[in-house]
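Taken from TrEMBL as is:
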DOMAIN    15-262  domain 'Nodulin-like'
DOMAIN    357-520  domain 'NFD4 C-terminal'
TRANSMEM  16-36  transmembrane segment
TRANSMEM  107-127  transmembrane segment
TRANSMEM  148-168  transmembrane segment
TRANSMEM  174-198  transmembrane segment
TRANSMEM  210-232  transmembrane segment
TRANSMEM  238-260  transmembrane segment
TRANSMEM  362-380  transmembrane segment
TRANSMEM  395-417  transmembrane segment
TRANSMEM  429-448  transmembrane segment
TRANSMEM  454-476  transmembrane segment
TRANSMEM  488-512  transmembrane segment
TRANSMEM  552-575  transmembrane segment
Amino acid sequence: MGKLKERIQAFVNNRWLVFVAAIWIQSCAGIGYLFGSLSPVIKRSLNYNQRQLSKLGVAKDLGDSVGFLAGSLSEILPLWGALLVGALQNFIGYGWVWLIVTGRAPVLPLWAMCILIFVGNNGETYFNTAALVSCVQNFPKSRGPVVGILKGFAGLSGAILTQIYTMINFPDQAALIFMVAVGPAMVVVALMFIIRPVGGHRQVRPSDGLSFTFIYSVCLLLAAYLMGVMLLEDLVDVSHTLIIIFTVILFLLLVVPVVIPVKLSFSDEPKDLAVEEVLLPKPEQQEAGKSEQDEVIFSEVEDEKPKEVDLLPASERHKRIAQLQAKLCQAAAEGAVRVKRRRGPHRGEDFTLMQALIKADLWLIFFSLLLGSGSGLTVIDNLGQMSQSLGYDNTHIFVSMISIWNFLGRVGGGYFSEIIVRDYAYPRPIAMAVSQLVMAVGHVFFAMGWPGAMYIGTLLIGLGYGAHWAIVPAAASELFGLKKFGALYNFLTLANPAGSLIFSGVIASSIYDREAEKQAHQHHIPPQISGSIFSGMFAVDEPLKCEGSICFFLTSMIMSGFCIIAGVLSLILVYRTKTVYSNIYGKSRT
């Protein structure tokens, strides 16, 4: 009986259980991706026009990305407390919207509806922050795969929730809003006490490689399965019984990863874990016990070492640095060298947000992310109009496809960037530069409007956009530490709505309206609404439609150029951080 209790305790405290619970939370955390399904019933029930609906879309994007409060609370409250706050926000925001849409509460002005959408969607920033903070701390040597998988499931959650809604088959379409308000909140409350940093066995274990391979296999199988199910349900009239079977299989695929913590806890001897708990604090204590003098000496080495040292092989480089550090230590002890005192942490150490804000590296990441992910989000938000302008009647297929490619981009971005840093000790941002160049090519396909361009463009943009959200959080944690990771991550996410506001709210909409008015004049149709951002907020006329590749040609070419600039910024960051990554990962290779 005592042995069983010991194994159950090992299971509860297993970091893989925390990771699997975080996957389940992320599977219902991407509420913003469902806005395209929620907006038609809101528009119809409240008699909104397209421009009014776009204001709600902006509020949704801001709610997705403004996570300062979530980052701050994750440092003050226990993670279960931050998750509870997010669940309450999600429930109150979307619950109130559901009451208004169904006539159970009085209709509010547009600005108040924007606040409700913002509050409801902002709940997912708490889910993302708690999941990432706990798992990155539990798997500090596997940040790429962990971030990629978690962000991937967040991107796939829209398709998962849609499939569940299809199975329930509510006659009232407003019930989807109710499900969005209640479903994620219930899942988070049920799992919130599992999500936490687990002390005692954070180092790399021999079983980690096989476990991550198993998780990746489940991810690929899930993506292929959802793609097949969505295509089948979209193209064929499927019976409700078959839809229920599809959804049950989906649940089974989501539950399968729990096999890992079960196997590790009930097949291994609990003593092994106990040994790890004893062994781990020793190197940590040694690191923590380093004197300030030793840390300062290390920073002096960075200033004194010749530049050609960085070009040497890893083993020789570390040998030369160790010799230089020993000389500096001896010289400092004899008083021959006066060691400078540091004013703040160096890259690779723990930064606060304010300390990171004065570093060029953070702003390189931010603006590279703004240009890269901002252009990707613009495509996602305008995919319906882009496909219609090129003559496609069924726009849902592209929305579903980009969701799957987004998921695979996040999972793949984490996987391949981890190979880059783990096997070659090369800076992770090089993977971001590659993804941005891939997106630049995707935008060119959209601009040209060639036959099949929508399929290829959707593939390239989805993969590139998704990769950003696996690479950036992992790179930020490596350069600025884990201590204030929540605040740093939520600052960087501000790049997403900022880019969307510039590209979609200003550039894409203005160019689209101008081309639509030109076509209206050519066909002698009086233009309805001017291209001003704020004009027509309360108008009831629909904006004119634009047809042909010309509608998004200039926008796509501009965004392609910005993606190239983003790639250049990422390459500058690669050049600046070579030494940091060599110090972090080069030692593990030698």
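Keep in mind that glycine also has a Cβ here, set from the backbone N, Cα and C atoms.
Predicted, not measured: the structure shown is a model, and the values here were computed from it.
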Top partner of the transmembrane segment (210-232) among 148-168, 395-417, 454-476, 488-512 - counted as Cβ pairs under 8 Å: 395-417
Long-range neighbours of the transmembrane segment (395-417), counting only residues six or more past its ends (CB under 8 A): 33, 36, 144-149, 151-156, 158-159, 216, 219-220, 223, 226-227, 230-231, 234, 379-380, 383-384, 387-388, 428, 431-432, 435, 454-455, 458-459, 461-471, 474-475
Candidate ranges 362-380, 429-448, 454-476, 552-575 - greatest C-beta contact count to the transmembrane segment (488-512) (under 8 angstroms): 362-380
Tertiary contacts of the transmembrane segment (429-448), as residues 6+ beyond its ends and Cβ separation under 8 Å: 365, 368, 371-372, 375-376, 379, 386, 409, 413, 416-417, 420, 454, 456-461, 463-465, 467-468, 471-472, 475, 549, 552-557, 559-561, 563-564, 566-568, 570-571, 573-574, 577
Sequence-remote partners of the transmembrane segment (454-476) [C-beta within less than 8 Å, at least six residues beyond its ends]: 132, 136, 143-144, 146-148, 151-152, 155, 362, 365, 369, 372-373, 376-377, 379-380, 383, 386-387, 390, 392, 398, 401-414, 417-418, 427-429, 431-432, 435-436, 438-439, 441-443, 445-446, 485, 488-489, 492, 563
